[in-house]
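Contents: one structure, followed by commentary.
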Amino acid sequence: MEREKQRKLKLWLMELKNFINRTENTIIVVEGKRDKIALKKFGIDRVYPLKGKGFHDFAQILSDEIKPQSIILITDFDPEGEIIFQKLQKIFSRYNLPIDTSFREELRKTGIKFVEEIPKRIFK
């Protein structure tokens, strides 16, 4: 079972990296710096951590300066991460920021609870 989850996680990382590399103006929003570092270890770029910024301020910056074509929203699956996910969905929609939640839903299927734990699961 654990091996299957690890295989799914590797596939997820490969699909995410390929998608980011194929699409010019897509970004990934994560909760914190450690989440960004975890994804960076697999060559995944254009990751923007939320921590330390107000949700509305962050949305305003994305809307005014970055102007992404799509935002892949990936938060943790603990209660706090779920709340952040729901709030960001609402706030981003107010700013007409397009959100892609499909990668988060696929990550959930791998059994990962915290984004920053991805390297530990892969390099076991």
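Glycine residues also receive a Cβ, built from the backbone N, Cα and C atoms like all the rest.
Whatever TrEMBL says is automated annotation, not expert-curated.
As recorded in TrEMBL, the features of this protein are as follows:
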DOMAIN    25-119  domain 'Toprim'
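Summarised by DSSP class, the composition of the domain 'Toprim' (25-119) is 48 helix, 14 strand, 33 coil.
Over the domain 'Toprim' (25-119) the predicted model carries a mean pLDDT of 96.
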